[in-house]
Structure formats: C-alpha cells, structure tokens
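Encoded as structure tokens, the structure appears first; notes follow it.
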Amino acid sequence: MCFNQNLILISGKTIYKYNIIYENYGIIKYNNVILICHALASNHHAAGFYPEDPKPGWWNVHIGYKKSINTNNYFLITLNNLGGCHGSIGPNIINKKNNNIWGPNFPIITLNDLIKNQSKLAYNLGILKFLNIIGGSLGGMQVLEWSNKFPTKIYNAIIIASTNKLNSQNIAFNELARQSIKFNLNFKKGWFYSYNLYKNISKYINLARMLGHLTYLSEIYLTITFNRNLYKKFFKNFKIKSYLINKGYNFYHYFDSNSYIIMTKILDFFNYIKKFNLFIYKTIKFIQCRFLIISFINDCRFSYKRSKKLVNILLTISNRVRYFNVNFNKGHDGFLLFNMNYISILYGFINYKKNYCYIITP
C-alpha cells in the first residue's frame, strides 16, 4: 500500500510518501480481524506458499483451515515492518525526497514508530479495532506497544516468547551482531549498495545471524540434536558447525545488513516499564483488552522469569491476564514451531471466549 501522507517519527525525522507491503488471509467480517506482528528476521509472508518458493510462511503451522487461527473464521493481516527489507520502506529502498537509496541514512526507528505505521495501515483498510493482535519475540513487544498506545483499538493481546525490555546480555548479543557486520571493510559504512558489494558482505551478516540463531536454541535441544556428533565419519567438522554455517549462508540471500542493524536497535531501546507509570495514570480507565502471555521453559533469550515479571506488571492494570509456561525444549524459536501444548493454549484463547476472563498468576 502506498501512503501519500508523510510519516513523522519519534526522532523528529520524516519519511516521505512511502510503501508498506502486506498480506491478508480470509474474508473480512464484523469483528474478525487479527493482526500478526513479525519478529526480527521475519516478514509479511506468515502463511501459505509462493509459487517460486517451496518454503511456507513463517507461521504456517498456526494459520490456515482448522489451525489455531482458522482463515475460514478470521481475517488476518501481516505486514513487513517499517525499516524492513522485503518490500516496505527501509534502507534498501529509494528515498523519494532525493531519489537516492536510503542506506545508512535511514532514520532511527522505535517500536512506537512501528505501531504508528501499523495503525495507519489499519485506518486505510477501514479497520477500527482488532479482535486479536499476536506476536512473538519482537512481535510480542509490538503487541505490548499496541496495548500502550492504542488500548481501545484491541480486544485481545497475545504476547509470546517476549519481554518488556532487553537485559544487558541481550543488548550485548545484538551489539556483537552489529559489530560483526560493521567490521567488514566492504560494508562501506552501510553504502555497499553503491559498490555492488552484496556478496562481499555476506560472510559478516552470516556471522551475525549465526550468533543470533545460537541464542534462539536451548542447550537441551542442541545436545539432543547435535551433541558432539561429526558431520561425516572421520570428518573434522561437527554437525553443529555445518548447521550454523548453513543458517548463516541462507540468511544473506534473504536479509539486508542495514535492516538487521535497525531491527536490533529497535529491540535494544524498547522499555515498556519506563513508559508504564505514565501509561497507568493516562489509560487505566480505557483498558479493555485481555492478555495472553506464553513463555517457553528453555528459552535462554527471553526466559520465562521475564514473562512472569511482565505478567505481574499487567496484573496491576487488568484482571484479564492469562499466563502459560510451555515445556518445549526448542528454546526461543519454539514460538515458530509445532507443539501440542502450545497449539492448544493458542487455539483455546483465540477460539473460546469463555476462557478469556480467567486469571492465572505465576
């Protein structure tokens, strides 16, 4: 969708007449619209298949006929976030003000800016209120920001494998990833587009992704899946090495280095608690949405203890909070995968309204 209006960001910078790419699934009816917010490296393609791509959308396990989010009953919207690299305005897109690629000049983006843009899309589509807004990881932070900024425009907030703010360890992981990209001389301070150096910077964003991906997997999953096994008998490479190299290699074909830097900074600077006291006094009388918080017991990126803390915060403003800690050994990436307990929780909350008012405290 092309927006003819300019977007003024929290930083004070302006994005002029820009495009946002989105997908929708199902048939729109009264009060059946769901917004799916994607994580750091995902995009608007949440479900189904493209003819040229054998891989399904990133949340295909949960979206579709007879799944947790049944597209026969609900109308879903997913969009590629502001600052992304899959069609929406971002650093790899032309700046219409000067007809040059944005590159590293793309302005600083915050969670507030992402939500403002999503709200703008909803308004242009004629959507006044969402039945559910759902997100995992960075997507979960977007759901929190929706409950903060637009508390009357959302019935149900579903926050999965997320947190109210990053701790210093997570910020350090993100900084290591950014430095691994910037360390490459071919990065040219972000202007590699002009030099046609996409392939030359590949191994550095590969390294950033390998580092990030390792934190998305639990120790128990790594032990069960790889242990100290070699890739081939008498071969010197361990299976875990081959796995990580493959993950990194596939990523550079898929993701822009400047977008990766932007998205990790969005994660770093989000702080729901900092806004929270002001939020309570200004919006408590408007709180209508119901919250579902899901964590995974072996998530080493955003541990279940962080989710419990978030639940306690939310319980101070709402008695409509449900919390589940899922025993699933896949770690942080569990929110993308199939697990019967996880699916039953999600399915139950979305499809059975009688469960909405239950309170489960940690």
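Each Cβ is built from the backbone N, Cα and C atoms, and glycine gets one as well.
Straight from TrEMBL, the features:
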type: ACT_SITE; residues: Ser137; note: active site, nucleophile
type: ACT_SITE; residues: Asp299; note: active site
type: ACT_SITE; residues: His332; note: active site
type: BINDING; residues: Arg209, Asp333; note: substrate binding site
type: DOMAIN; residues: 32-201; note: domain 'AB hydrolase-1'
type: SITE; residues: Arg301; note: site 'Important for acyl-CoA specificity'
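Shown here: features listed in TrEMBL, placed on the structure.
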| residue | record | contacts (Cβ under 8 Å, 6+ apart) |
| --- | --- | --- |
| Ser137 | active site, nucleophile | Ala39, Leu40, Ile160, Ala161, Ser162, Arg301, Phe302, His332, Phe335 |
| Arg209 | substrate binding site | Ala41, Ala177, Lys247, Gly248, Phe251, Tyr252, Phe255 |
| Asp299 | active site | Ala161, Ser218, Gly331, His332, Gly334 |
| Asp333 | substrate binding site | Tyr216, Leu217 |
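Cβ neighbour count for Arg301 (site 'Important for acyl-CoA specificity') (all protein chains, 10 Å cutoff from its Cβ): 22. Confidence over the domain 'AB hydrolase-1' (32-201), given as mean pLDDT on the 0 to 100 scale, stands at 92.
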